[in-house]
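> Before I ask anything, let me first share the structure, which is written out below as structure tokens.
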Amino acid sequence: MHSFTSFALVAASLASVAQAHFQLQWPGARGAFVANDEVYFCGAHNNVTTNRTDFPLDGSGFVSIKSGHAPYTVGAIISLETDADAWEDFKNSSGGDQIAIAYRQVDNSGTYCVPFNPSSLNIAGIQDGANATIQVVYTGGDGNLYQCADVTFRTTVANLNSSVCTNSTGGDDHSHSSSVTGSTTASAPSTSQTANAAIPFDRWCCYHPWLCWYLRVSPVKTLKGLLLSLPYPCNAFQ
């Protein structure tokens, strides 16, 4: 019974971690959504899609995500490379991330939408007909998650309904409208480290002190070995 209780506690903790994910709603994401792959560059979709989304330069564009976790920090970086398939493609001339959308903290789960006007970035090459990749960077407190959207900039985009850029709260975000806002004072997560690096046990304890204490005093020492062997995305805090 003692072993079963210990296992149940670990399972519950890992289940809570699994809920920290998001899905890119618009523009269309590069490749199919796989929750476990979000810890990798572009959600493990390195190849640029041939089916790019037309993205307006007239200020009517937006980026919309759906989060299953709160609170979280989210922002976006951008590359104007035709085949953006590496972190270096999202760097500016100084070697820093080329920011498209400033990082902000959001306190509610559900749909979150940010108006985005690429023309306001003053980045050379942003013009009608140019290809680009927008990479959304998200962290729910346990590491970075990523999804990419390959776009082609257009002066205007017909039939784009910007009124769908709304926010909602809660797990069922189909009926709960809200004036959710994000603070743009959040610090930018690091995007330069290995996304699936194993987290040291002592750092894991920082996130789950109650469970860590239990494992230290529990006779079921094999659970600690199990946890140490798990690849755990914690690069945002290294």
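All positions are counted from 1 along the displayed chain.
The backbone N, Cα and C atoms fix where each Cβ goes, and this holds for glycine too.
Per Swiss-Prot, compositional bias 'Low complexity' is recorded for 177-191. Residues or ranges marked as N-linked glycosylation site by Swiss-Prot: Asn47, Asn51, Asn92, Asn131, Asn161, Asn167. Taken from Swiss-Prot, the feature GPI-anchor amidated asparagine applies to Asn196. What Swiss-Prot records for His21 is methylhistidine. The annotation region 'Disordered' is assigned in Swiss-Prot to 168-191. Taken from Swiss-Prot, the feature signal peptide covers 1-20, and the record attributes it to experimental evidence.
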> What does DSSP call Asn47 (N-linked glycosylation site) in the simple three-state scheme?
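Assignment for Asn47 (N-linked glycosylation site) reads coil.
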> For Asn167 (N-linked glycosylation site), what is the tally of other C-beta atoms lying within 10 angstroms of its C-beta?
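Total other Cβ atoms inside 10 Å, all chains included: 20.
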> Which of the listed glycosylation sites (Asn47, Asn51, Asn92) has the least company, meaning the fewest other Cβ atoms within 10 Å of its Cβ?
Asn51
> Can you figure out which of Asn92, Asn131, Asn161, Asn167 (the glycosylation sites) comes closest in space to His21 (methylhistidine), comparing Cα atoms?
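Closest candidate to His21 (methylhistidine), judged by Cα separation, is Asn167.
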> Do me a favour and check the Cα-Cα span between Asn131 (N-linked glycosylation site) and Asn51 (N-linked glycosylation site); whole Å is fine.
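That comes out at 11 Å between the alpha carbons.
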> Nearest of the glycosylation sites to Asn47 (N-linked glycosylation site) by CA-CA distance, picking from Asn92, Asn161, Asn167?
Asn92
